[in-house]
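Colleague: Reproduced below are the annotations present in TrEMBL:
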ACT_SITE  Glu68  active site, proton donor
BINDING   His66, Cys91, Cys100  Zn(2+) binding site
BINDING   Ala170, Thr212, Asp216, Gly314, Ser315, Arg316, Ile317, Ala318, Lys319, Ser320  NADP(+) binding site
BINDING   Arg200, Leu220, Arg223, Glu312  substrate binding site
DOMAIN    13-138  domain 'CMP/dCMP-type deaminase'
Amino acid sequence: MKVIEKSENSVRPHDPRFMAAAISLAARASGRVWPNPAVGALIVDESDYIPVVRGRGWTQATGGAHAEARALHDAGEAARGATCYVTLEPCSHQGRTGPCAVALAEAGIKRVVVGVADPNPRVSGRGVEILREAGVEVVVGVCEGQAAEHHAGFIRRMRDGRPHVILKLAVSNDGFIGRRDDGQVAITGEDVKRRVHLFRAECDAIMVGIGTAIADNPSLTCRLPGLEDRSPVRVVLDPRADLPLDSKLVRTADKTPVWVIVANDADYERTDALSEKGCSVIRVAPDGKGRISPKVALRALGQRGITKLLLEGGSRIAKSFVEADAVDEAMIYNGAATVGNGGILPFGDRGLDFLDESALVMAPGRIEVGPESCDHYIRKGK
């Protein structure tokens, strides 16, 4: 990995503002472009007293244009002599599309401002090097924290071979996430429901355990108006291939992908039946008790390009992932409902205090979601 000179002394007063805008553009691609990173780019003309945006772009679906290419196309000839703000270091390799670093230099861009360096150790710094060798001024690290947060999934997959995992739980005012033998229980209201559906649209995949898949029979889709086509890949952790063929997940596998992670020794008749219904079956090695460890499951997802995973399962899968140090963030929605007798604790036999023993800490400030709220936990040292 190359050490990139960040050149903080060449940062201009308006650079953070335009980088923030590029990060907002990048969010438009979230959940839609894996395994590629969701990048945003702006072409800005700084020749006048007031800088003017000439081009905008964000990553297109796999095989489509990268953010920089889209922004250059949008800017046309106005790109010559302009500045490009890009959330992630421009790529330097030839893939389905050409190297963005070369395209920027050839378009006459005179200055490139980068949010965060490429986390891939094999190519990190090479894009910056290509640009500087072509005489382009490069500034790295503007709004680095925000850019790294946006690209957390891509960074995690490049560094650790697994997706960035976000645990979502809705907890009643008496500390429960549901009621035994009662199916789905409404813990939170419509405002939280809309927020969660938007969150689904921003993730590559969503996971539940087989217990939740059977008990709740969920769809796990995004059902916000206008975003119905943004549903993530739906993943079920199902060691014995017990997912019912008449479940909502299986019945809609032809519309929105369903991946079923099973143990290597799962019954082939069952897995063949799931495959015939359109599900993708992923076989992995179980542990000594026949279970699938979180890290094995995540490695399988990382190998298939998933960068950002929303974990929406019940108490057992939530506890197992936290115990395995496999959760990077947690969104705990605090509902107004009371569950009462038969309540299910968030982490099996433990309440939310279980998070105090994990690698997660609560971020400052409670997030208001209509009449309810959300506590955001992040990994220590993030």
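Indices start at 1 and increase along the chain as displayed.
In case you wondered, yes, glycine gets a Cβ from its N, Cα and C as well.
The model shown is predicted, which means the values in this text are computed figures rather than measured ones.
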Colleague: Going by DSSP, is Ile317 (NADP(+) binding site) part of a helix, a strand, or coil?
Modeller: helix
Colleague: May I have the list of same-chain residues other than Arg200, Leu220, Arg223, Glu312 whose Cβ is within 8 Å of the Cβ centroid of the recorded substrate site, in sequence order?
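Modeller: Along the chain, the qualifying residues are Val196, His197, Ile206, Pro218, Ser219, Thr221, Cys222, Ser231, Pro232, Arg234, Leu310.
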Colleague: Please work out which residue of Asp216, Glu312 has the most C-beta neighbours within 10 angstroms of its C-beta, and give that one of the binding-site residues.
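Modeller: Max Cβ neighbours within 10 Å, all protein chains included: Glu312.
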Colleague: Return the count of C-beta atoms lying within 10 angstroms of the C-beta of Ala170 (NADP(+) binding site), excluding that atom itself.
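Modeller: Cβ-Cβ neighbours of Ala170 (NADP(+) binding site) within 10 Å number 24.
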Colleague: Using other CB atoms within 10 angstroms as the count, which residue among the binding-site residues His66, Arg200, Arg223, Lys319 scores least?
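Modeller: Result for the binding-site residues His66, Arg200, Arg223, Lys319: minimum number of other Cβ atoms within 10 Å at Arg223.
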Colleague: Using a 10 angstroms cut-off on Cβ to Cβ distances, just flag whichever of Cys91, Ile317 is the loneliest among these binding-site residues.
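Modeller: Comparing Cβ neighbours within 10 Å for the binding-site residues Cys91, Ile317, Ile317 has the fewest.
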Colleague: How many of the residues that make up the domain 'CMP/dCMP-type deaminase' (13-138) does DSSP mark as helix, as strand and as coil?
Modeller: 43 helix, 27 strand, 56 coil
Colleague: In the structure shown, which of the binding-site residues Cys100, Leu220 has the fewest Cβ neighbours within 10 Å?
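Modeller: Each of the binding-site residues Cys100, Leu220 was scored; lowest Cβ tally within 10 Å is Leu220.
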